[in-house]
Amino acid sequence: MNETKTLRLNADAAGIAQAVDIWQHGGLVALPTETVYGLAADARDDTAVARIYEAKGRPSFNPLIVHVPDMAAAMTYCDFNDDARMLAQAFWPGALTLVLPIKPDAGVSKLVTAGLSTLAIRVPDHALARDALTAFGGPIAAPSANPSGRISPTTADHVMAGLEGRIDAVIDGGACPVGVESTIVSCVGEPVLLRAGGVPAEALAACLGRPLLQSDDPNTPQSPGQLASHYAPVGAVRLNATDVREGETLLGFGNVAADLNLSKSGDLVEAAARLFDCLHQLDQMGAARIAVSPIPNTGLGAAINDRLQRAAAPRD
Ligand code: TXA
Ligand code: MG
């Protein structure tokens with residue numbers, strides 16, 4: 001593809017106006033959300049959505065999340081059952097993506113859904129993202145703003161490191177407070193957890209009054225994005241490391257002597273917020289072999305371990 005000059009836009013009204021102008025002309029603008037930076041384009045514009053896939057080098061079978069400013073907008077694109085309504089009311093705006101039946105007249109590009117009859121949709125809890133969505137006034141498709149299969153970006157610098165020259169602009173809104181992607185729940189029938197993320201599964205279960213069904217099988221067609229090897233730093237990853245072997249760099253958790261530490265105090269919220277930045281730093285340090293301390297699998301630990309297991313999965 002042709003090399004594009006990637007603008008760095010300010011996180012203010014002028015920056016939002018420039019982003020809206022680029023979206024209206026079919027361009028790509030990366031923007032911060034509370035989870036990670038998204039690579040955003042007009043979800044109704046086939047060419048713009050195709051550019052997202054091209055810029056990311058993403059396999060075309062992997063559908064995208066649509067972002068809207070509020071519940072009312074979401075209801076114009078999707079059918080909500082009672083569970084979906086309850087979850088949306090409890091967790092939107094926030095790090096929860098719902099997979100719902102798409103309305104026939106939604107007007108969203110088929111490239112967004114990759115041909116499925118469902119749409120993944122969420123209302124982000126980030127003032128700048130919300131203002132930009134409101135100013136644009138249409139559905140915005142946005143996967144994480146990283147080359148496919150690489151670490152998700154939580155700063156504008158991460159976006160630039162992966163996609164500079166391939167996208168029109170990035171709005172620099174600082175670091176993303178949550179730091180892992182949204183939790184994805186299918187509410188087509190009985191709620192199914194498709195991806196652990198920023199909203200812990202325990203909180204969803206408490207809201208619904210019953211546990212969610214699990215979709216653990218990485219090959220399940222219900223969550224096409226859940227490829228086994230994903231979120232990968234350059235170095236090989238060894239999990240649950242209680243020792244450090246010759247040539248390894250330790251990514252620690254808790255009170256351990258480590259090259260980098262996700263959270264010295266063992267705080268899972270802090271660890272989630274730092275996870276992708278630490279993986280980016282390990283790339284920059286040239287770490288060839290990465291050992292990672294054990295991380296408890298409760299709360300946000302489930303999302304952290306999910307991402308780390310993908311980073312450690314055998315690669316083709
Ligand atoms: O926090 C997030 O969710 C970020 C920010 C930018 O919102 N976005 C994000 O998007 O992580 P992405 O494209 O990296 O991951 C979206 C996931 C993929 O695994 C994809 O397969 C799944 O959502 N997905 C999208 N549409 C789906 C659908 N209709 N049914 C099942 N899974 C779907
Ligand atoms: Mg992603």
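Just so it is clear, glycine is given a Cβ too, placed from its N, Cα and C backbone atoms.
Nobody curates TrEMBL annotations by hand; they come from automatic prediction.
These come from TrEMBL:
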{"type": "BINDING", "residues": "Thr35, His67, Arg122, Ala142, Ser182", "note": "L-threonine binding site"}
{"type": "BINDING", "residues": "Arg58, Asn62, Thr118, Ser144, Ser152, Arg195, Tyr231", "note": "ATP binding site"}
{"type": "DOMAIN", "residues": "13-199", "note": "domain 'YrdC-like'"}
* Asked: Secondary structure at His67 (L-threonine binding site) (DSSP, helix/strand/coil)?
  -> strand
* Rounded to a whole number, what is the top Cα to Cα distance in Å among the residues the record ties to L-threonine, namely Thr35, His67, Arg122, Ala142, Ser182? -> 13
* Give the three-state DSSP assignment (helix, strand or coil) for Ser144 (ATP binding site). => strand
* Structure fact -> CB < 6 Å to ligand 2, subset of binding-site residues Arg58, Arg122, Ser144, Ser182, Arg195, seq order -> Ser144
* **Among Thr35, Arg58, Thr118, Ala142, the binding-site residues whose C-beta sits under 6 Å from ligand 1** => Thr35, Thr118, Ala142
* Asked: What's the most sparsely packed of the binding-site residues Thr118, Ser144, Ser152, Ser182, counting other C-beta atoms within 10 A?
  -> Thr118
* To do: Out of Arg58, Thr118, Ser144, Ser152, point to the one nearest His67 (L-threonine binding site) in space (Cα versus Cα); all of them are binding-site residues in the record.
  => Ser144
* Thr35 (L-threonine binding site), number of other Cβ atoms within 10 Å -> 31
* Determine, to the nearest whole angstrom, how far the Cα atom of Arg122 (L-threonine binding site) is from the Cα atom of Ser144 (ATP binding site). => 13
* Which is it, of Arg58, His67, Arg122, Arg195: the one of these binding-site residues whose Cβ has the most other Cβ atoms within 10 Å? -> His67
* Asked: Around the L-threonine site recorded as Thr35, His67, Arg122, Ala142, Ser182, what other same-chain residues have a C-beta within 8 angstroms of the site's C-beta center?
  -> Thr33, Gly38, Ile65, Ala95, Thr97, Pro124, Glu181
* Asked: Could you tell me the C-alpha distance between Arg58 (ATP binding site) and Thr35 (L-threonine binding site) in angstrom, no decimals?
  -> 20
* Asked: Tell me, how many other CB atoms lie within 10 A of the CB of Asn62 (ATP binding site), whichever protein chain they belong to?
  -> 16
* Top Cα neighbour of Asn62 (ATP binding site) in the set of binding-site residues Thr35, Ala142, Ser182 -> Ala142
